[in-house]
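Novice: Following this message is one structure expressed as structure tokens.
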Amino acid sequence: MAVPDKIVSELASWMKDQKLVAPQMKDATAFYRNLEEALDVRRSTQSMNTRGQNTWKDGSAIDFCSNDLLSLGRTGELRTEFLSELAKYPDFALYSGGSRVLGGNYDYIEKVEQEIADFLGAETALMFDSGFNGNVAIYTSIPRPGDAIVYDELVHLSTHTGMAASLAATKVAFRHNDIDAFREAMISVMESQPMIQDGSRSILVSVESVYSMDGDVCPLVEMLEIAREICPKKNFAFITDEAHATGIIGPKGVGLVKHLGLEKEIAVRLNTSGKALACTGSVVLGSATVRNAMLNFAGSVTNTTAPSFPSVAVVRSAYNLLRTGATQKAQDNIQHLVRYFFKSVSSHTLWDQANDMGLLSIPIIEESKDRDFVTHIVPIWTRQKYNWWLFFHLQLAKIAVVPINYPQVPKGKARLRIMIHATNTESEVDYLVSMIYGFVKEMMDIEESGEKGKIPKAAQKIYALMAANA
């Protein structure tokens with residue numbers, strides 16, 4: 001199979017960007033040399049981020065990596081709805097004119113916020129230009145002095161950024177999705193903080209509905225039960241990041257919280273627009289008190305220009321598609337395709353042997369068995385030293401996936417992440433499965449041969465390309 005030039009050129013560009021730079025900068029000023037030395041730490045593990053072009057938008061590769069989960073961008077549905085929305089307001093302003101509290105507020109944004117709040121079962125909504133800034137706003141405005149934050153160890157970087165600048169001095173992580181570890185963390189905080197014991201301060205619990213690197217789902221119901229037990233004075237509040245649940249989970253994509261009927265139990269929700277909704281921004285859902293706290297204490301509200309009319313209009317357009325049921329078929333197809341992948345990959349004749357040899361593992365299959373839904377995120381594990389080789393194998397097979405490495409995940413936890421979309425097909429899934437097992441079979445043959453130093457063909461091609469670009 002011929003590999004498109006774009007894939008080869010992108011791989012070559014990526015490899016070039018991983019070359020160490022600092023050793024050639026001895027005559028540079030300390031400012032630039034120190035920056036390059038820091039970047040070389042990333043380059044040394046092939047984890048240097050670059051501005052590489054994607055290979056799926058033009059059809060060079062099959063998209064199993066993008067965030068266009070409902071395929072609203074690819075199909076043009078969102079564009080059509082957006083242009084229709086703009087046509088209703090021919091005199092719209094391009095510029096909001098200031099922050100939400102300094103002249104930049106306007107009727108349309110308030111109307112859209114309330115529509116979203118009503119749709120998702122919240123009292124209020126407050127819009128942000130990104131999910132990252134929404135999370136930072138939450139943690140820099142909501143925790144009060146004396147409060148404590150108990151958080152899942154795998155929460156987003158934006159949550160950590162916000163927590164680091166929060167007024168909560170006590171922050172305790174618990175082992176990912178482990179309700180026993182969560183109980184221990186809650187008890188530890190309760191026993192060590194007198195003001196929380198007497199009910200005058202609160203424990204804020206930070207979790208995500210769906211975890212972006214593992215694809216698993218937060219046990220929200222069980223965690224709420226534990227929190228009620230540990231905090232009889234009800235001085236706890238859950239903050240739930242719904243970035244990967246919005247548009248995917250629940251009827252009409254309302255997210256995990258509303259799907260479980262927990263709208264009244266969760267104090268703060270972050271619902272982003274940059275994943276399934278195929279646009280940008282986020283909304284923070286909560287009570288009027290929560291909204292007022294952010295309007296007064298969050299710098300990313302008070303010191304940032306309010307979202308413009310077009311950016312609000314495209315978010316409204318996306319939620320219109322959800323609310324009217326226009327995306328339900330896409331949602332259902334994601335559920336079908338993920339289950340189809342699970343069945344196809346786990347029924348392969350090499351599945352058990354590959355698992356036993358550590359060549360292939362997909363823990364999310366087992367984790368999903370007891371739920372009435374699956375998520376679109378499917379991490380694929382192989383041996384750590386083979387992770388890049390599997391990535392090369394799939395890239396050269398014209399399959400676009402994402403290699404997840406340190407520092408995105410802890411050292412020794414590298415994996416490939418597959419994202420399944422509404423417009424993927426069964427035949428594309430079949431091809432993906434066949435290519436995964438093509439790699440597995442090749443590695444089995446290499447190991448059986450006992451030939452030292454032998455590497456798979458895709459890796460040979462990539463390393464030859466690296467040498468040619470040295």
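Glycine is treated like the rest: Cβ placed from N, Cα and C.
What Swiss-Prot records for S212, H244, T272 is pyridoxal 5'-phosphate binding site, and it gives similarity to another entry as the kind of evidence. Residues or ranges marked as N6-(pyridoxal phosphate)lysine by Swiss-Prot on the basis of similarity to another entry: K275.
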Novice: At a 10 Å cut-off from the C-beta of S212 (pyridoxal 5'-phosphate binding site), count the other C-beta atoms across all protein chains.
Specialist: 20
Novice: Beyond S212, H244, T272, what residues of that chain have CB atoms within 8 A of the centre of the pyridoxal 5'-phosphate site's CB atoms?
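Specialist: Filtered neighbour residues, in order: G131, H156, E208, V210, D241, E242, A243, A245, T246, K275.
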Novice: Long-range same-chain neighbours of T272 (pyridoxal 5'-phosphate binding site), Cβ under 8 Å, sequence gap at least 6?
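Specialist: Non-local contacts for T272 (pyridoxal 5'-phosphate binding site): S130, G131, G134, E242, A243, T246, G281, S282.
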Novice: May I ask for the distance between the residue listed as 'N6-(pyridoxal phosphate)lysine' and H244 (pyridoxal 5'-phosphate binding site), taken between their Cα atoms and rounded to an integer number of Å?
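Specialist: Their Cα atoms are separated by 7 Å.
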Novice: Relative to the Cβ position of K275 (N6-(pyridoxal phosphate)lysine), how many further Cβ atoms are located within 10 Å?
Specialist: 26
Novice: Given the pyridoxal 5'-phosphate binding site residues S212, H244, T272 in the record, what is the largest Cα to Cα distance, rounded to whole Å?
Specialist: 13
Novice: Which residues in the same chain, at least 6 apart in sequence, have a Cβ under 8 Å from the Cβ of H244 (pyridoxal 5'-phosphate binding site)?
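Specialist: Sequence-distant Cβ neighbours: E208, S209, V210, Y211, S212, K275, T375, H376, I377.
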Novice: Tell me whether T272 (pyridoxal 5'-phosphate binding site) sits in a helix, a strand or coil according to DSSP.
Specialist: strand
